[in-house]
Amino acid sequence: MGVTGMTYMFTMVFSLIVLILSSSTVGYDYFQFTQQYQPAVCNSNPTPCNDPTDKLFTVHGLWPSNRNGPDPEKCKTTALNSQKIGNMTAQLEIIWPNVLNRSDHVGFWEKEWIKHGTCGYPTIKDDMHYLQTVIRMYITQKQNVSAILSKAAIQPNGTNRPLVDIENAIRRGTNNTKPKFKCQKNTRTTTELVEVTLCSDRDLKKFINCPHGPPQGSRFSCPSSVQY
């Protein structure tokens, strides 16, 4: 084989290796830290919640996401090792409860880990690091939407209020970055604030503006005034 043939073969092999590596690497641009307001989740759910809710925003999930194109999901088949959760359980049950089924918190964490957490490498190392990261963000770093709103004297009293007031309060608590909102009509056809998402860069080092919310006109978009 001549030099030209060897060069061609080397190029083909190298290209194949690059293709294999790139196909096995899942990309993401940023993280969404989504929190759900427990009463609104239950009010908008077709099946009523069995247990009383706390008037708190608690964690829905931490999701690797993309500005353009689909968000990565289920990147590995690694299950959550519930035997290792140990002394994190008490904190997680408070800040990350399964609102719809409080008898199965672990099942909720595992669902979030498999669907989203497995796609967070290298920022998220493994299942326990995923849970530890959520605890750190919500408690240590005070990325707690209820606390942020309370600091701005916005309390969950079930009244309608301008969405811009809620946004401005959250901006003050997140270095003036834009959050994302999800709203939904409850059984009384009142539109409630169901979720607030705080966005961070792909290394979870700093807040960023959330790129986009639900499309205008969708059933999850928020009007100018919402109940909270």
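Glycine is treated like the rest: Cβ placed from N, Cα and C.
What Swiss-Prot records for 1-27 is signal peptide.
Per Swiss-Prot, the feature RNA binding site maps to Q36, H60, N98, V99, F108, K111, E112, K115, H116. According to its DSSP assignment, N98 (RNA binding site) is coil.
Summarising the annotation, Swiss-Prot assigns disulfide bond to C42-C49 (among others) and lists similarity to another entry as the type of evidence. Sequence-distant neighbours of C42 (disulfide bond): residues of the same chain at least 6 apart with a C-beta under 8 Å from its C-beta are P48, C49, T53, V99, L100.
According to Swiss-Prot, the active site, proton donor annotation covers H60. The Cβ neighbour count for H60 (active site, proton donor), using a 10 Å radius over every protein chain in view, is 21.
Its Cβ placed at the centre, C119 (disulfide bond) has 20 other Cβ atoms within 10 Å. Marked as disulfide bond by Swiss-Prot on the basis of similarity to another entry: C75-C119 (among others).
The N-linked glycosylation site annotation in Swiss-Prot covers N87 (among others). Secondary structure from DSSP puts N87 (N-linked glycosylation site) in a helix. With a cut-off of 8 Å between CB atoms and residues at least 6 apart in sequence, the same chain places nothing near N87 (N-linked glycosylation site).
Taking the Cβ of N101 (N-linked glycosylation site) as reference, residues of its chain lying under 8 Å away and at least six apart in sequence are, in sequence order, N50, G107, F108. Residues or ranges marked as N-linked glycosylation site in Swiss-Prot: N101 (among others).
Look at E112 (RNA binding site): DSSP puts it in a helix. Using a 10 Å radius centred on the Cβ of E112 (RNA binding site) and all shown protein chains, the other Cβ atoms total 22. Look at Swiss-Prot and you will find E112 tagged as active site.
Under a cutoff of 8 A between CB atoms, and with a sequence separation of 6+ in the same chain, the neighbours of H116 (RNA binding site) are G61, L62, W63, P64, E73. Annotated active site, proton acceptor per Swiss-Prot: H116, in sequence order.
Annotation note: N144 (N-linked glycosylation site) sits in a coil segment as assigned by DSSP. A simple way to gauge crowding: the CB of N144 (N-linked glycosylation site) has 21 other CB atoms within 10 angstroms, across all the protein chains here. Marked as N-linked glycosylation site by Swiss-Prot on the basis of experimental evidence: N144 (among others).
What Swiss-Prot lists as N-linked glycosylation site is N157 (among others), and the listing cites experimental evidence. Under DSSP, N157 (N-linked glycosylation site) is assigned to coil, being neither helix nor strand in the three-state scheme. Same-chain residues at least 6 positions away in sequence with a Cβ under 8 Å from that of N157 (N-linked glycosylation site) are not found in this chain.
Swiss-Prot lists N175 (among others) with the feature N-linked glycosylation site, giving experimental evidence as the kind of evidence. In sequence order, K206, F207 are the residues near N175 (N-linked glycosylation site), counting only same-chain partners six or more apart with C-beta under 8 A.
Here C183 (disulfide bond) comes close to T191, E192, L193, V194, F220, S221, C222, P223, V226: these same-chain residues lie at least six apart in sequence, with C-beta atoms under 8 angstroms from its C-beta. Mapped onto three states, the DSSP output places C183 (disulfide bond) in strand. Per Swiss-Prot, the feature disulfide bond maps to C183-C222 (among others); the stated evidence is similarity to another entry.
Look at Swiss-Prot and you will find C199-C210 (among others) tagged as disulfide bond, backed by similarity to another entry. Using a 10 Å Cβ-Cβ cutoff, C199 (disulfide bond) registers 22 neighbours. According to DSSP, C199 (disulfide bond) sits within a strand segment.
Residue pairs drawn from Q36, H60, N98, V99, F108, K111, E112, K115, H116, the listed RNA binders, are separated by up to 19 Å at the Cα level.
On a Cα basis, E112 (RNA binding site) lies 11 Å away from C119 (disulfide bond). Among the recorded positions listed (H60, C75, N144, C199), H60 has its Cα nearest to the Cα of N98 (RNA binding site). Nearest in space to E112 (RNA binding site), taking C-alpha to C-alpha distance over the disulfide-bonded residues C75, C199, C210, is C75. Minimal Cβ crowding within 10 Å, among the disulfide-bonded residues C49, C75, C210, C222, is found at C49. Neighbour counts were taken as the number of other C-beta atoms within 10 angstroms of each residue's C-beta; across the binding-site residues Q36, N98, the minimum falls on N98.
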